[in-house]
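Annotated domain 'SRCR' per TrEMBL: 1-93, 112-156, in sequence order. According to TrEMBL, the disulfide bond annotation covers 18-82, 31-92, 62-72.
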């Protein structure tokens, strides 16, 4: 729910973005546009798999302060010189790649995350304990428990 190939909807169709000029400032804008917080990382070379259909954007160059990709400098819609092997991706997760491995080694038991939801603000509650992630049984689960998890994750 925090990472994947970036696809945009324009003129009635979904398409991908070419990774030419793609960097962490562009990722920051994508994460902001999706309402995600975390450490934005741009990923290139179809890191999350090749898309299909049109490649709708190329040469995206955001300053990082824009509210949406539409406000960034970019080629005209549909004007590109790429193949899907260059599809751009983004991770908005604060704990990705080697950061995740380092964080997992240093993680305290009782750290929580949400998994499998339709958005970053919902999902199955998972708890890190003794080096592994596990689920939480719903026996006795109440709104109070949900409030604690939301507060622990930084949601209000």
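Sequential numbering from 1, following the chain as shown.
Glycine is no exception: its Cβ is also placed from the backbone N, Cα and C atoms.
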Legend entry - CB contacts for residue 92 (disulfide bond) [other CB atoms within 10 A, all chains]: 23
Inset, instruction - Might you list, by sequence position, any residue in that chain lying six or more from residue 72 (disulfide bond) with a Cβ less than 8 Å away from its Cβ? - result: 26, 29, 60, 61, 62, 63, 66
Legend entry - Cα distance (Å, whole number) from residue 82 (disulfide bond) to residue 92 (disulfide bond): 24
Legend entry - Rounded Cα separation (Å) that holds between residue 31 (disulfide bond) and residue 82 (disulfide bond): 23
Inset, instruction - If we count other C-beta atoms within 10 Å, could you say which of the disulfide-bonded residues 18, 31, 62, 82 has the fewest? - result: 82
Legend entry - Arithmetic mean of per-residue pLDDT over the domain 'SRCR' (112-156): 80
